[in-house]
Each structure stands twice: as structure tokens, then as C-alpha cells.
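Only one structure is covered here, and it is reproduced in the block below.
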């Protein structure tokens, strides 16, 4: 079995193939006559296909990934060798690291120490080639029944399931009789292949074989000799684990590391057809035997080379053995179903919650004292005692009584906390997604090591997920630092694939109180692998989270319900915005583009332009545009410049006309503060944490400008547009579900509601001027924005009845009013005061995006009375009440938070109005 090895020159060689990839992308974009016979593409394809096994079909261990500088004199060390010696420590500084992290089997650890000489004939159980491979495996299985399956290494190369049993897949890959290797040999140029038969020692502790071969030379690579040792770590009929350790001493620094690749063959998912399946996972790592400063270069080069070659290996294996077509939807369904089945009963949770030493001790003491009271005969009254009152007779009795009280109080708090946690049902768990497009599903499993912020040493954590302007809130877990949620959230379908999802963990203390952040994180879908996000632990950022090393366990699924039609629909939409025909790129071009910037498979190329990146030294290159990213690539004089950032990172795009200092029009792109820092090396300047990029020398500046602006606006404005549509749909749905939704309650319906006076004052202004606060003009907008009501909008007053007017208002809470944001949709009714000169304005507020916001409605009544028209003075009274539609145990805490927050806002509103009114004072 020949595996792809790695060396120091891997990074250098990949740069050459990467340049060819970039030329392939540009060639597909700019040359109509581009063919597959392009020399650069041939070299790239050759580098990707020359590293596969000649014996059993696994990518070769020392092929294109290992590149050696051409040596005119083989007996003398090359220049690269001499440079490597400068960065490598002495040979006696050996750092050996075990492969398998588990410590439950010494045999597993011994198998990972690297290459050893093959056992001699006297030490082996059967060195003859006549011994069947199956018998060797059975003998090995009998000696390793208690050995556990080792864990995966640091990098995953292949993770697929196939319709075949694990034993058949193992024989297909590693059996000497397998014909799969012949197919791979045709794609490989390896020579001098020498394979030692599988050998097992007399104790059955080791089953291994050694393969030596010489890789085929390529355009930039000389033939290299490699030695590969294959060792079984586990084999029990249902699961197999094989470790491959590859040594390439002829490459620069080749004696200081070995490439280790772990094959794990496990039982696959169950199918309805009851066919046997297997799950193949191939992982890798570099085991450094000595320390070297070139460690990063070696690992990066190895990663790129291995990923390319094993992608080809996976495709070839899929042609021989049918893979299981498990789409994201069915996999997601299985995971979510398992979460639902994993819900524990209340009795079991109560048993685990109360079964601890403190509760049991308190119960024991309580029962003990109760039995003592029953057994004790009543004696004569002493001191101040009288019938019905029995006082403690000693200090010890007083102490025991106090201890009993504290223990009973402890039990009461535990029971109260448990009931609150089980009865709390707030959150977006279980709300189904609507529409077709990109569907995002997030399963919040658990959290660990959350920071304690309450006086009890615990927290009341909940999580808020935000993606494309939409938010989902989890349930609240009370008095815990290790919360178990098992909540499932489904975001409504999105036309464009999401770029990032923000995760915030808060401690609950009331909807309008200052919340405490327990940590936050950002999940970047462009830079993440969707398969890795299917089961991931996210470390939280923030002072508290980093101090306590807090983490969240998430399972994230992103799927496209429209299939391939999504791309054509997106291009058609962009054609209308740009006014230019956009063609669908070929799969080969999209693949090269994705590999160039390490983008996921769902990201496709829309357009590209030749331009100049203006920096201290101008760099000519290519600008690539995709639905979520804008990237730049250049390779000039052996120096490569490559970066990309998200459209959401852009704050402003300016078109600068041609001037004396600039010979052509240019585009200046400014990013938001702190965003796109990975692309800092390509920025022209940094303005207060904001990166600025300058692009010029476009072949057609007008076309490039229109395309870039259209893609940016479509991405940046899509969130607000979708929120507006979602709000309209939710209002329509609410109207169908509830007849009272959005309808003003009025005085007749709200007269029995208890209203509390939150503000009362006399303002030196005439009533007409003060009523401008509700006039809908610029003065009202100015006042509301200053008190924290963002994006304030109000309709015109309309009269339904004589002397009665109504209007609708809408605004968003600033961080000053609500730390987690939120929106308000309200209805105001204005009518004159009976028998007095004044107005009564009644307001009903409905909250969105606020915890428990759908549990209550806020009613506000403004009474503005003209005291003395000649003195220009008005009396203002404001009353506030809360109408509850759902019950909750946190009602008092919420009412206190709402009253305090609303009182401060209303007081500030009228104080600002009195200061800025033209007739004030």
C-alpha cells in the first residue's frame, strides 16, 4: 500500500502547482480557446495523480508532495539540505510523539513509534506467502480482543460510507489478492516496488508489512525512494485500524519526520434495504522526530498535497465500491431524531438532581429529629415555657435547631429551582423553517465550564443565534454551569448561502436589565467544513469565557433545497442588477477557484477581472467575485499575494475618478472595523482599525464597478430586506392566528388594567408645542432617536371616529435600552380630555426579539393638560401597565425590569423635549 509522503519541499512544490491552478482559472475565464491540453494544467493534474498506491490503491506516500531540488551531483548535499541543517537542532534532541491518544492499550502505543525493521523469519508466526491473509487476521484478532479503536489524527482526508461490509472493504484495500492496486498502478509512475508479505510474530502482537518503492519523477521533482510500514492496530471483524508510517530520508530534512496515516474501517449507517455498510475514515499527521523551525512549512505542504491525492483516491474507490448517498437532510434527520430520543424523563432528572450528599443529609437529620420528637415524652414546663410553647433548654438545642432550619431552607431552594427549570418553556426550540432555499439547522446540545455570575455560584444561561439578520433564542437553564439543552433551531430558507453565524451566551436577569455576557463566538461557513460543523465544540470568546475555558457543543447543518437551480436563479438575478450577461462557469473552473482560495464546494465563481492592487508596491493580478467573497490573487516575480474577505465585511465602496496622481479610475473598498484582518497584508492603509483596499487598471472599469456594487448591495441589503418580508409574513400569520393581534385595545378594554404612574411633571411650554412630540415630524424623530429608539417611523394620524385619531409606530431598541436589541410595533390613539383643555394619548406596545416578549403587552397612557394658556405651562402625567397573555414564574422580575426601563426612557423623552421646544422657558 503506497501512501503520499511529505517533505520540506512540499510547500515549495505546491506553490508551483498552485500557480498552474490560478492560470487554469484565468485561462477558463479569459481565453475562449482554452483546452484541457494546457501545459500548466497537465503539470498540475500530473502532480495530483502521481501519488497513488501501486499495490492496493491508496495514494502514494512519497509522490508529488515530496519535491527535491534537482541535484547535479548526487554524492554532495544540495543547497536545500544545507539550509535545512541551519534550522534543525542537533540529532540528539529527539522529540518522539505517540500517534494514538488513548492510553488503554500499550500495544496501540507501541505500534505508533515509527518505522522498525521487519521481523526476521524466526520471529514470525508465518512468513510464508502461502498463509492466507484471512488466517493471519483471525489470529491477530484473537490476541487483540480488548484493544479499543484508536481516535482519528489531526487531519481528515476521507470520511465516507460504502455499501460493503467492513471486512470486505478491509480485504479490498489491504489484501495481497486485491486487484484494486492494478487500477491505481496505471495512474502511478512508481517503480521498483518491493512488497514484503504480511507477517505476524509468534505472540500475535504485531501484524505488519513493509513496502519500498521509487516515486516517478515529475517536471520539478526528482525520483525519491520511500519506505512504508503498514501495521494493524485493531481487527475484530466489525472494525479495522491500520497505521501507515512513511519514511523519506532522501528529501531535505527527511530524517527528522515521518508521515503517519491512519485508516479506520467501521460499521456504516443502517439502510432500509438491510445491506451491510462500512464507514471509512482516513486521517493524517506529521510525526516530528526532531525539532525544526520549518515545521509549519512541512505541515502546510503535506496538508495540501495529501488532500489533493486522497480526493482522487476517494473518487477512484467510489468507482469500484458504491458509496452511500446520504444527503445532508437525511443525516440531519437521524441526528435530530437521536436528540429527541435522548430526552430524559422528569423523574430521572429529579433523581439525578436531588440524589446528592447535601439533600440526603438534610433528609436524614429531619427524619431523625421528627422520630425523636415522637418518642420523647412530654415533660414538665420549665422557665418561660407554657403549654404549646417548648423552648430549647441548652445551647446545643439552639444550634441543632438552626442547622435544621438551614437544611430545610436548602431543600426548599433546590425544589423551587428544579420546578422553575422544568416549567420554563421559552425559546425558539421546535419552530419549523419555511420556504425553499438554503436551510440552516442548529442543534444546541450542551455547554461546559460556563462562568458563574450569580451570588449562588451558578448562572442562568441562554444562547442567542444570529444569522442573516434573523435570531433564534434558546431556553433558559437555571442554576447550572454545565447546561444540557438539546434544543433544535431552524432558520427560514435563505436565497443566498449564509456567510457567518454569531453565537452569544447570556445570563438571564430580566428582559430590560443589563445582561451579563458569558461568551460569544462566530462561525464562518466560508472557512469551515460543513462535515466538521455537523458535530463541533465551539470555544467561546470573551473575558469570562476565556478565563473559564467555556465551550458549546453544537451540531450545524446547512443544505440547499433547490439543488442546482439555485446557481442559475442567482445568476439571472445578478444579470438584471448588472445589466450584463453572466455565464455559468464550468465545474473544472469552479473547482480550481475553490482550491485556489480553499473555499467550500457550494461557493462558485461569478466573474473575474484583471486589475492592479495599489499598495506601496503595485501588484498586478486577478480579482475573483463569488456570492459570498471577493478575492485577489497575484503571482509576480515568484511572490504570491492571495487574500479574500466577505461582502458583509465591506463598509463602503467608493469610485475614484481618474486624476493626475492616478492614471485610471480606481475603487476604494473600506472594511468595517476589525473585519477582514486575514487580508491585512493586501490593504493599502489602516484607518482606525478599518482596512482600505485600492484597485485600479481594470480593462473595463464600468463593468467591474457595476458588478462589484451589485454583488455588495445584494449581500449587504439582503438582511434588512428579508427581515422586512419576514416581519410582514409574521404579522399576516399573527392576524390569522389571533383576532386581537395588532388591534388597539382602547379605553373600554383596558380600563380594568392596573396602571402605575411612572412620570409626572409640569413643563413650561404651551400644549401645541409639546404635542409636537407626537406630531410625526422631524422634532419627534430627533427626540426618539436620542432616547434610544432607532429607525423610528410613524404613520399619519387617521380619524376613525369623531375626535379620535390612530397611527402606527415602529422602532428598534438601542443597546442603551436593551442590551440584546429588539423591536417595537405599537399603536397610538389620541383623543381630547373630557371637560378639560388637553389630550389623552394611549399606546399599546408589542415587543419582538425580546425574551418573554410574547408573554405580555405594554400599555402607556399620556395625559397632557394645558394649565394656563397665557403662562404657557402644561401638566404631563404618564401611566404604564402590563397586560399578561401567558403565565410565567418570573412575572415580578419582568414587571420590575419593564417599569424601571420604561420610566427612565419616558422621563428622558420629556426632559429633552422641554429643553428643545422653541417656546420652552
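Glycine is no exception: its Cβ is also placed from the backbone N, Cα and C atoms.
Unlike curated entries, TrEMBL annotations are predicted automatically.
When the ranges 29-65, 66-102 are checked against TrEMBL, the one recorded as region 'Disordered' is 29-65.
In TrEMBL, the annotation transmembrane segment applies to 350-371, one of the ranges 350-371, 372-393, 394-415.
Taken residue by residue, the domain 'C2' (425-538) breaks down under DSSP into 4 helix, 55 strand, 55 coil. The domain 'VASt' (153-325) scores a mean pLDDT of 82 in the predicted structure.
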